[in-house]
Amino acid sequence: MRLSPVSLRLSRGPALLALALPLAAALAFSDETLDKVTKSEGYCSRILRAQGTRREGYTEFSLRVEGDPDFYKPGSSYRVTLSAAPPSYFRGFTLIALKENQEGDKEEDHAGTFQIIDEEETQFMSNCPVAVTESTPRRRTRIQVFWIAPPTGTGCVILKASIVQKRIIYFQDEGSLTKKLCEQDPTLDGVTDRPILDCCACGTAKYRLTFYGNWSEKTHPKDYPRRANHWSAIIGGSHSKNYVLWEYGGYASEGVKQVAELGSPVKMEEEIRQQSDEVLTVIKAKAQWPAWQPVNVRAAPSAEFSVDRTRHLMSFLTMMGPSPDWNVGLSAEDLCTKECGWVQKVVQDLIPWDAGTDSGVTYESPNKPTIPQEKIRPLTSLDHPQSPFYDPEGGSITQVARVVIERIARKGEQCNIVPDNVDDIVADLAPEEKDEDDTPETCIYSNWSPWSACSSSTCEKGKRMRQRMLKAQLDLSVPCPDTQDFQPCMGPGCSDEDGSTCTMSEWITWSPCSVSCGMGMRSRERYVKQFPEDGSVCMLPTEETEKCTVNEECSPSSCLVTEWGEWDDCSATCGMGMKKRHRMVKMSPADGSMCKAETSQAEKCMMPECHTIPCLLSPWSEWSDCSVTCGKGMRTRQRMLKSLAELGDCNEDLEQAEKCMLPECPIDCELSEWSQWSECNKSCGKGHMIRTRTIQMEPQFGGVPCPETVQRKKCRTRKCLRSPSVQKLRWREARESRRSEQLREESDGEQFPGCRMRPWTAWSECTKLCGGGIQERYMTVKKRFKSSQFTSCKDKKEIRACNVHPC
């Protein structure tokens, strides 16, 4: 029985991929070929028997992990290839991943996750679900699967392989059929891996980068920003080892800073283009508003780029918005292999990193520049309790995005003689690379049909075709591209395989018997999965019928019914639905009882995949002016709803907002309020008094300068008396002296009419060192006389100016 899932999670402990190759399907070999597979009492038996001597696969067969690493990074994806050197081949195989020094008889002995690449070639074993085996028994020279490395703490993993080549030739585990990988030191996670070898590949390769944003309220519920969540436009490039866009442990450039804080790729693109000698392709893809939507509603953004021998690295980044300065991306991803070829596929799960330019800790923290600037580093779950990724136990952060980089073409003479797979041969045959898919959003198509047989009947270049249907054209003014697609191919006869065979699906279950009693008929169907490569007609049957018996003899209570009618149309026009069929009672039971025969049947039916016509929107308007005339602000743009969706409301955003930055705002001088006027500096005649104010904020960025801080105005008290004679002055002074001496004897404080005062305090310190300040001193009442007719005794205060010289 064939399993449907394309991936299987193994035990949580991180281990490397141990590959073992058992022959699982009974169709693969007869009893004469293999001994019976005995059932193990352990978790997964990997027993494979063949007649003859077991041999070591040192030369003919090899098990290889792409890039030939000695270490694995937990959670990363690795392509694993099992191949035979020509003219050798194999028919049966099994792959399995075991922790080091484990036998595989318990579930916890296994580690990592397998992912099926081609279901026509590989599948999970029905009696050993952690192992991968062949889908159909046939001659082959290579198979490939992905292995997702286990979590941190698993240790080393052994990849093991077992194969059966012919009836009596059997290989397992030894030599080049094993591969040991150990867990990468976690202390190296914070440093970007740098290429250490020069690239030796020839020609150029073209890749497609596809970005899948998985950041949503479901995956990251804490403080998720519902209104403004988005990914900024992707910006990056393919470049040489002499240029670094960004890296862990390095400092963000101004371009990286503007992507991280504002989501603007303009400065970053300018920086990349300035390195024209080191850059081959600038990578750009549109922003995503909101951050996550199902792929059947919005296609994942993608971009194509090329690499060559000197510019074989690629880097990119995109801002996670809103956020202080958080991004995801790849840095210096090497697409060149040690075998002088080009990597076929890279799959990486991404966690956010901090650009080191803003110190905010939540999605919508206010701007708080980091001074001095810090180094780029990955975010962790222990950064801050208010962080949306905080975990007091220090667990790993759930990935927020996944990037897939796939090779789609190669041009020029290639160095590696053996291609990665048949698709690579076809890609090399292509006279020119295809442009990026520019299908308008207003054109709704069905899925592509399978490829036809190759037009060449010999081992020569030919063409094959596939088709799709135009289901809807939402805007008649926008033409829809062709509904046919052609691709180069190689005709049959290029391998040892029989090109005249066709691949069939499994038989579906038998239909119900056509009668409710006695002898009837039933049928089952299958379909052609792959037509013969030589272009011949597939002669294998697609329908079978056989006799069936129900209750053998019809009793007197049995009734006679008609044949089943045709099935009704499916209740759904797309996706899953129900269909019914009916039959009639031709003759009721002879004993007069009710006919118990079934007269209607219902079963599920599957129509083509649903392609809901989306709501039609106008293009985005131009961005509005910044909300401020200086400093940091916001700007917006809008679009209009032209028509509703086919099924329900339109959930697309009609307005977008982003940060904008203008020159710093001028800061005017700020002053305190004026002080009280001081007392007149003359006790009689004309004088002046002053008041002061202090500077609280100096002017900046061209702001209004500070005005005066000291003001003077004239004052006039009583007229001064004419100068008395010298004799009168002496007499008055003597009288005043005697009076003062008398008062000092009566009281230790100064006396005013009706009260006795304490002496003046010392002058306070000046409020400013320059620019005009003030000083104060006080005199307080010590005693009021009851017999006094004066009731105006009050504390007194004097103010005078000080340090009035300019600063």
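These residue numbers are counts, starting from 1, taken along the chain as shown.
Yeah, the Cβs are placed from backbone N, Cα and C, and that goes for glycine too.
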Response to the item:
Ca(2+) binding in Swiss-Prot involves D354, D358; of D325, D334, D383, the partner in that site is D325
Practice prompt. Using the record from Swiss-Prot, pick out the residue from C44, C128, C336, C340 that is joined to C199 by a disulfide.
Written response: C336
Fill in: Candidate cysteine (C443, C454, C459) that Swiss-Prot pairs with C489 in a disulfide
C454
Discussion item. By the record in Swiss-Prot, which of N447, N681 is the one labelled N-linked glycosylation site?
Written reply: N681
Discussion item. Going by DSSP assignments with H, G and I as helix and E and B as strand, what are the residue counts for the domain 'TSP type-1 3' (558-611)?
Written reply: 0 helix, 19 strand, 35 coil
Discussion item. Could you check which of the binding-site residues D325, D354, D358 is the closest Cα neighbour of C182 (disulfide bond)?
Written reply: D354
Discussion item. Taking 8 Å from the centroid of the Cβ atoms of D325, D354, D358 as the cut-off, which other residues in that chain fall inside it around the Ca(2+) site?
Written reply: A260, E261, S323, P324, W326, A355, G356, T357, S359, G360, T370
Worksheet item: Can you give the mean pLDDT for the domain 'TSP type-1 3' (558-611), rounded to a whole number?
Response: 78
Discussion item. Nearest by CA distance to C660 (disulfide bond): which of the disulfide-bonded residues is it, out of C480, C513, C595?
Written reply: C480
Worksheet entry | Nearest of the disulfide-bonded residues (C128, C156, C538, C595) to C513 (disulfide bond) - Cα to Cα | C595
Worksheet item: Using a 10 Å radius around each Cβ and counting other Cβ atoms from all shown chains, which of the disulfide-bonded residues C517, C650 yields the largest count?
Response: C517
Practice prompt. Given the disulfide-bonded residues C128, C202, C502, C605, state which is nearest to D358 (Ca(2+) binding site) when distance is taken between Cα atoms.
Written response: C202
